[in-house]
Amino acid sequence: MSTAPTSTQKPSDDAATAARRPAFFNRQRLASLVVWIAFACYVIPLAIAQPQFISFYNIISILMLISVYALIGFGEGVVVLSGGIDLSVGSIVGLAGVVAAVILTGHSGVGWCLVAIAGGVLAGLLIGAFNGIAVALLNIPSFVATLGTLSIALGVGYVFSAGQQISIDNDPFLNISINAYFGIPIPIYIMFIVFLLLWLVLSKTRFGRYIYAVGGNIQAAFVAGLPIRRVLISAFVISGGLSGLAGVLLAAQITAGIASTGSGYELTAIAAPVIGGISLAGGRGSIAGALFGVILLGTIDNGLTILNVSPFYQHIIRGFIIILAVFLDTIASRRKLV
Amino acid sequence: MSEPILECLEIGKRFGTTPVLSRIDLRLQIGRVTALMGENGAGKSTLLNIIAGLIAPTTGELRIDGEPVREFTPSAGQAHGIQIVTQELSLVPHLTVADNIFLGRELTAGSKHVGYLQSRRMFDEAQAAIDAFGVPINARDRVEQISLSYAQIVEIIRAYHRRPRILLLDEPTSSLTSNETQHLFDIVDKLRADGTTVVFTTHKMDEVERMADDIAVLRDGEITLKAAARDLSSAEVVNAMVGRKLAEQRLVLPEVADVPPVLAVEHYATRAADGGADTAFDFAIRPGEIIGLAGIAGAGRTAFLKSVYGLHPARQGRVRLAGADYADRSPSRSLARGLIYIPESRKEAGLVLSQGIAANAILANLGRFSGIAGWLKTSREHDVTREALEALRTKYESTRASVAQLSGGNQQKALVARCLIADDPKVLLLDEPTRGIDVGAKADIYEIIVELARHGVAIVVSSSELPELMTLSHRIAVFKDGFIARTFERDAFQEADIVRTAIGA
Ligand SMILES: Nc1ncnc2c1ncn2[C@@H]1O[C@H](COP(=O)(O)OP(=O)(O)OP(=O)(O)O)[C@@H](O)[C@H]1O
Ligand SMILES: [Mg+2]
């Protein structure tokens, strides 16, 4: 993946760009459009050939499918913007589901449902805080720290569940994924609310600006007096918390807590923001990109299923699409290796 | 004398076991401008960084308004009204100029915890501050889109805009052209009148004469001279800096033999001219010749050097090297043919900061140091590096230490060392080779350049310091708007003429 582009537009002595106003159709905009156009090239023919693809029911099922991925993708997006990476998100999904399931064992009623939700999210927040402390206070590179917690969270999940699948029969909890308002299930609302909140925070608030600054040039952020450690810890806590929430929603969907359910999700979580134009080197991109990335991946999976493509091939196609999407973005924004 | 606003009492600093500062005593008075002088690696940046709170001293005490400072963090320093413009750029490249100017001081609405950004207000205020400085920078451009010298100005504006009580400027003029330097001096004059205390470092004596009320000289981490500027001659300052008498330098340029040029550039252009005029130019240099490139920021000197070396394609024209057409230019082919380029920005394009000094010095010549299957002959690598660094009076611990630990000027020397290590160089393209280098070592670099020329190397030097080009070059080519506007022969060097050509007046 392209981690090098950040410093390609080097300040050089021939920067006559200084006085130019940002045009409406500048390269940046164009670049973000290219992937959308490619996306449309996939969706429109498919919708004509298979009208069920754009039925309300199918769109809802796509959104349902991606709501879990979206939450962890958002969290990952925040961490990547801050210049790090979080590999532990998949394990947190499993752990949070197990925690919720354990809490619900033998307990019914709305009260316990809320406790279970809180417990799952809290588990994610704790792992996230652990990641943040390891990275920001102990100076462990995030790749290594979260590779460690990937294993730790998975192990803790196995211990809590004794390696078993813990089924859930608390009705209010299961209703989270069944109840719908205006035909739209709750997880989809949650996804969009979280998206809106994060978008506001990242683009409109000081904290968001700090995330970009720390990811863009941590030395400069330090000299400017920003609380860089707090910013980094917050990014991991957000990611952990959202992964915990995703785990709770997933447990409600599959009516069980299974420690290994989220294994491998980190790949999608990282791919989504990158497809959406968030730079893996940090400091560049928008959380909307992460949303776009999961929508793209979810739609493609769904489309391939409708077209009856075997799941084995789906993996291969998915991998190529990730590379292709980033490649298109690279061409459009004229990024180069050096 | 008025009350000191800041006092350093026996401040000492060591990095690991390396002592860098010892027993520094310094007082700063309200409304006075102090020049902090010293050779590369003397400890100037280290001292300024301590005062700003970027690093903590190992021993000693820092007092502000008579109160000892207990917390050494950038935010504590800022809370005391201290602002620093660091030697290396401290801006976030992906953020806009306005975002960078307000970084850490954002204007927000709503409660303190929400911190809703007032982007519009910040843009307007930033633009006003930039316009007051008189430079054509757009506050909405991202920093990565603007040139190095504009980025430097943005940093200065940022510090100034925060109305500091103490302003620390670490080599603020090293990437500014003379026009911009003038603006900076005007600002410092204004600050002084308003009672702001300013400390700046520089390697240019004329700037000290123009700006400083007081001078403090550091040598090997100790203060060797402290006095009011009007009581000092520049010879005294230089002596205190280098601890030896600098011989009056008399450079004798070698005669250039009347042979065909080794590098010739014909009908060349790196960018489209305004209004479609044909501004293509020719350029030729013979073995043993030194040609200086003058011009204001953005005149196209760097673009020219880079495209000849093969980093960027040229818009049009051809390049002949040693008589043969050289169309498929690339850095690796250039190096193989003895065409060497030393870039202007040591951080972005020059050095691999995480690597050792020797590894960096030989980076472009790995072939010469590798044997069968690319196995590196490391002991030779270190010997050769040491030799080159010594010739440049570089201050370093070991050739294995990482370049990031060198002071700014010593990093520059590690970069310039590459042209001493190069195997049989034919043409050297040097882009601002003496940026941030101290007076003593500058003289050494001039000697080395002339010596290389005497051995038949053709040398192109781009520099924003005209006096440097005037001592060093056989000819000066003046760039303006992307092409060579005029070339001056050595016997016709007139500073005023050259400047006028460069700014197009
Ligand atoms: N992080 C570090 N680790 C080890 N040594 C360091 C570190 N930072 C600086 N030094 C050493 O401290 C000495 C003083 O460095 P400093 O940057 O203060 O010099 P300076 O006077 O600013 O020089 P210049 O004119 O080149 O900018 C140098 O010898 C440098 O190698
Ligand atoms: Mg320095």
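Here the Cβ of each residue, glycine as well, is placed from N, Cα and C on the backbone.
Look at TrEMBL and you will find A:30-48, A:54-72, A:79-103, A:109-130, A:137-160, A:180-202, A:209-226, A:232-255, A:267-300, A:312-332 tagged as transmembrane segment.
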Cβ contacts the transmembrane segment (A:180-202)/the transmembrane segment (A:312-332), at least three under 8 Å, sequence gap 6 or more
no
Lying 6 or more residues past either end of the transmembrane segment (A:137-160) yet within Cβ distance under 8 Å of it, the residues of that chain are 79, 84-88, 90-92, 94-95, 97-99, 102, 127, 130-131, 229, 233, 236, 259-260, 263, 266
Using Cβ distances below 8 Å and needing 3 or more such pairs, separated by at least 6 in sequence, tell me whether the transmembrane segment (A:267-300) contacts the transmembrane segment (A:109-130).
no
Contact check, the transmembrane segment (A:109-130) vs the transmembrane segment (A:209-226), 3+ Cβ pairs under 8 Å, seq sep 6+
no
Pairs of Cβ atoms less than 8 Å apart decide it: which stretch in A:30-48, A:79-103, A:232-255 has the most with the transmembrane segment (A:209-226)?
A:79-103
